[in-house]
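Here the structure is laid out as structure tokens; the discussion comes afterwards.
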Amino acid sequence: RRSAVVALLPLVALQLVGAASAAGLPVVINTWAFRKAAETAWRVLQLGGSELDAVERGCGQCEIDQCDGSVGYGGSPDESGETTLDAMIMDGNTMEVGAVADLRHVKNAIGVARKVIEYTKHTLLVGESASLFAVRMGFPYEDLTTPNSLSVYSKWINQSCQPNYWKNVVPDSTKSCGPYKRPEKVTCKEEGTISQRSVHDHDTIGMVVIGASGTVVSGTSTNGAIHKIPGRVGDSPIAGAGSYADSTAGGAAATGDGDIMMRFLPSYQAVEYMRMGTDPTVACQKVISRIQKYAPRFFGAVICANTTGSYGAACNKIPGFTQFHFMVSSPLLRQPTEQVVDCI
């Protein structure tokens with residue numbers, strides 16, 4: 001009998017491991033180790049709030065906390081020293097999207113994005129007109145500049161505006177702050193290397209919430225690439241790029257170099273892989289691998305979750321970025337938990 005019990009131990013151990021990694025709903029997953037955002041979203045669900053409420057409040061928490069200086073007010077000043085915001089929220093039941101880009105003078109970008117769903121027939125509002133819409137919706141008109149963002153901007157000016165996002169212009173954008181113009185004869189040069197742009201210049205909070213009933217909602221919020229050319233919009237507010245939600249399949253969200261990643265609609269692609277039955281981790285890896293073929297040195301990561309509550313993440317391995325940290329909340333975890341994956 002004793003030998004029989006010993007023989008059963010490996011099987012029991014395997015079952016326990018399987019149980020620990022089994023799917024569970026509801027689930028909240030968000031990019032980076034933004035713990036308070038995860039805790040806020042999870043608390044909203046526990047108190048009976050909707051999945052839309054959870055995403056809005058969770059991403060909004062990062063806007064309040066100015067997560068990593070890359071979300072919310074007072075971070076990532078553009079070439080003129082101004083902070084502008086991009087955000088989106090997507091309802092996977094109705095496939096409605098609300099988004100704002102190049103939003104000025106309004107701090108709660110994800111909140112404004114939700115109002116686009118609730119009070120308009122549009123999907124995306126941009127620039128100062130988006131700010132005017134926000135004011136009509138009751139949001140305060142505020143200055144997004146802080147002493148810290150002014151300091152970042154001043155240091156950049158003192159470093160001859162390095163790094164920046166110009167190419168093929170005169171005067172030489174690697175040595176001068178411009179103003180730049182198109183040369184008479186264009187000589188194409190390679191894009192900037194990784195070392196010229198910090199991997200911390202493109203952080204975003206992306207979040208996917210799947211409720212107990214299987215409703216999927218996703219959202220993002222960011223102040224975009226630091227020292228961007230005014231008017232630049234990255235992947236974050238673009239449906240299918242920054243995030244995507246479909247309650248018949250799952251949700252995904254991306255973070256990183258939006259100028260590259262948005263070209264591949266990684267969040268949409270990941271959801272479609274999951275629709276075909278692909279494991280969330282593998283789905284994330286597949287979209288990262290697809291981008292690698294064209295931009296092997298890109299900085300980026302993707303999180304994925306399917307409608308059973310299984311989840312995963314993947315990132316592109318480059319110098320200075322070999323692992324990706326993200327947050328997960330589910331009934332199988334005692335509390336919102338930081339998790340990590342090795343980049344591929």
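Every residue, even glycine, has its Cβ placed from backbone N, Cα and C.
Curation does not apply to TrEMBL; its annotations are automatic.
Database features (TrEMBL):
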- Thr204: active site, nucleophile (ACT_SITE)
- Arg232, Val233, Gly234, Asp235, Thr255, Gly256, Asp257, Gly258: substrate binding site (BINDING)
- 1-22: signal peptide (SIGNAL)
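Everything TrEMBL records as a feature, shown here on the structure.
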| residue | record | Cβ contacts under 8 Å, 6 or more apart |
| --- | --- | --- |
| Thr204 | active site, nucleophile | Thr31, Ser70, Val71, Thr220, Ser221, Thr222, Ser236, Gly242, Ala254, Thr255, Gly256, Gly258 |
| Arg232 | substrate binding site | Asp78, Asp102, Tyr165, Gly224, Ala225, Asp259 |
| Val233 | substrate binding site | Asp86, Ala101, Asp102, Val126, Gly224 |
| Asp235 | substrate binding site | Ala241, Gly242, Ala254, Gly258, Asp259, Met261, Met262 |
Legend entry - Residues Arg232, Val233, Gly234, Asp235, Thr255, Gly256, Asp257, Gly258 binding substrate per the record - widest CA separation, whole Å: 16
Inset, instruction - Take the Cβ of Asp257 (substrate binding site) and count every other Cβ within 10 Å, whichever protein chain it belongs to. - result: 23
